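Working notes, beginning with the structure itself.
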């Protein structure tokens, strides 16, 4: 496989923790899921420590940081609490995401253009500990330009509107937005990733986009794992992605 056809899978294990927190038990263990995902071919593990601690807990992050063989992508709100925690655990990668307490899941991209100074300071702060920051944004030119201006090395394009599209025309339109966003991000020197709402029936067109570096996928894999097991669920997703990327 050439570099142009290579694509990475980041497995988000938040919803393993959601199941655990639903009953306040010690199981299922997100660490076990992470290790199984790595063994099955995941290129990284993504966790989101939310302000309300609805799934992943601080202890999960600390343990994962110590034992992962790949890398941890730490999703976080741009708050003093999370920045201080990131400085403590020193992840290799972090992704800044917008966050509100009432949302079921992240509902849109970060408004980088509307708060450049604040986000620039946060990116620079984590860069000082060797942490590469990506910004979770909508595939809009002004947001991509702002990400490049503030010195973020990477962006993660929000694929929720594509995933939620209800007609073939709407799906095609949203896929084109993502494709244009990847091209525009690359032209600004950014590493371009994507994620949100991707599953086994919609991932291939996104993975096939030239220049797409990594997809972060969680809920679909955790749900499928209930029926086929965690390793098999990860392997199936990776196979779909690699197959699609090979046809670029």
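Quick reminder: no glycine exception, Cβ is built from N, Cα and C everywhere.
Over in Swiss-Prot, the protein carries these features:
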type     : residues              : note
ACT_SITE : 48                    : active site, proton acceptor
ACT_SITE : 75                    : active site, proton acceptor
ACT_SITE : 196                   : active site, proton donor
BINDING  : 12, 23, 197, 218, 219 : 3-amino-2-oxopropyl phosphate binding site
BINDING  : 14, 15, 50, 55, 105   : 1-deoxy-D-xylulose 5-phosphate binding site
SITE     : 156                   : site 'Transition state stabilizer'
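Take the Cα of residue 219 (3-amino-2-oxopropyl phosphate binding site) and measure to each of the recorded positions 14, 48, 50: the nearest one is 14. Residue pair residue 55 (1-deoxy-D-xylulose 5-phosphate binding site) / residue 156 (site 'Transition state stabilizer') shows a Cα separation of 22 Å.
A Cα-Cα distance of 15 Å separates residue 23 (3-amino-2-oxopropyl phosphate binding site) from residue 14 (1-deoxy-D-xylulose 5-phosphate binding site).
Using a 10 Å Cβ-Cβ cutoff, residue 23 (3-amino-2-oxopropyl phosphate binding site) registers 8 neighbours. Whole-number maximum of the Cα to Cα distances across the 3-amino-2-oxopropyl phosphate-binding residues 12, 23, 197, 218, 219: 25 angstrom. Among the recorded positions listed (156, 196, 197, 218), 218 has its Cα nearest to the Cα of residue 15 (1-deoxy-D-xylulose 5-phosphate binding site). Neighbour counts of Cβ atoms within 10 Å were taken for the recorded positions 48, 50, 55, 196, 219; the minimum is at 219. In the three-state DSSP reading, residue 12 (3-amino-2-oxopropyl phosphate binding site) counts as strand.
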